[in-house]
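J.: Checked TrEMBL, it gives:
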SIGNAL    1-19  signal peptide
DOMAIN    6-324  domain 'FAD dependent oxidoreductase'
BINDING   VAL166  FAD binding site
BINDING   TYR223, ARG278  D-dopa binding site
Amino acid sequence: MAAPNVAVVGAGLVGLSTALCIAETCPSCSVTVLSDQFSPNTMSDVAAGILIPHTYPGTPIHVQKQWLKETFTYLFAISNSAEASEAGIHLVSGWQVFKNTPKEELPFWSDVVLGFRPMSKAELQKFPQHRFGQAFTTLKCDCPPYLLWLEKRLKATGVQMYTRKVADLWELHSEYNIVVNCAGIGAHQLVGDEKLFPVRGQVLQVHAPWVKNFIRDGDGLTYIYPGIHRVTLGGTREKESWSLSPDPGTTKDIFDRCCSLEPSLRGAQDIMVKVGLRPSRWCVRLQREVLSQGGVKLPVVHNYGHGAGGFSVHRGTAKEAARLVRECIAALQGSTSKAKL
Ligand code: FAD
């Protein structure tokens, strides 16, 4: 079989990182990214991009931990390179604080992030409404820079990128040997996945360069995540809401909640409001499927449904998707050689 043509549908965080993993691990493939939107217009561009995992109830914890480890190791290396600022990757230290001591004082990811420890009494004085806290250092990916850096890497490895809305994966069967579905919430319509639902998130991005530490309320709803240029203030989690319009009442509520954690934010300037839809599912769909019509087959690899934690696990899931693509190539090569016999 000649060099397999692989189409990756989607140019958010998951599509770009998956395309890069395929190009890196299957150098014989010709990889093309097809997407109706590119950065800065994807849902990934809205995210805060911090590596603090969200738990997928339908995925074994050891698998989620492996995805996080692979992602952390990959981004840590970038953060230690000369490309860190262009890629928008940086280390950030801070606190996760709780009004009541959580059942699980040591989350599964505590030994992946750096320097995880309970907060001291002196540190907790900064948060008079909270009784327990965890201090650690993690990584943050600023978008758009990280997505643009991925696009640059893809172009350098010869990957083509085209703006195209795909109505049905089957429409690609005559042009491509394998299709990888990284359409995020778009998969709801593209493959009719009823198990995939949006969790709307509204965030503010503000100018407050004096805020250097992240602060996250343990319930995950209120957070302050400093990036290279702007600080992200969050947030909301509205299940099944498809609205992309910012809500002014929510903006005020987020700002007030964040100011109660970090009063100096009252002086923040240049407030921008953004809304994104988390592509949520019981578990990430990382799976092979073979579409077939009239005896013609199209192998598909799905990689979507990363919900609230895509940044935390994206490199791990991209590696797994690339492995599934290699399995598809082996199956295609097997069927080609059988046909020749
Ligand atoms: P998307 O970015 O939505 O990309 C999907 C791509 O597919 C787009 O390019 C789209 O144009 C394309 N597409 C869709 N349908 C079609 C079609 N039919 N034809 C062609 N192209 C199509 N995660 C963390 O780990 N840490 C965080 O701090 C964090 N904060 C977040 C804050 C908010 C407010 C939100 C909304 C999310 C946050 N997340 C966070 C989650 C994270 O952003 C997502 O898990 C991740 O961005 C999902 O990436 P994706 O590439 O699957 O989706």
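Even glycines carry a Cβ here, placed using N, Cα and C.
Automated prediction, rather than curation, is the source of TrEMBL annotations.
Walk me through where these features lie, including what they touch and how far apart they are.
T.: According to DSSP, VAL166 (FAD binding site) sits in a coil region rather than a helix or strand. Here the Cβ of VAL166 (FAD binding site) has 19 other Cβ atoms within 10 Å, regardless of which shown protein chain they belong to.
Taking Cβ-Cβ distances under 8 Å and a sequence gap of 6 or more within the same chain, the neighbours of TYR223 (D-dopa binding site) are ALA48, ILE50, PHE214, ILE215, ARG216, ASP217, THR232, LEU233, GLY234, GLY235, CYS258.
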J.: Just the number: how many Å between the Cα atoms of ARG278 (D-dopa binding site) and VAL166 (FAD binding site)?
T.: 20
J.: With respect to ligand 1, which members of the binding-site residues VAL166, TYR223, ARG278 satisfy a Cβ distance under 6 angstroms to one of its atoms?
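T.: Result: VAL166, ARG278.
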J.: Averaged over the whole of the domain 'FAD dependent oxidoreductase' (6-324), what is the pLDDT?
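T.: When the pLDDT values over the domain 'FAD dependent oxidoreductase' (6-324) are averaged, the result is 97.
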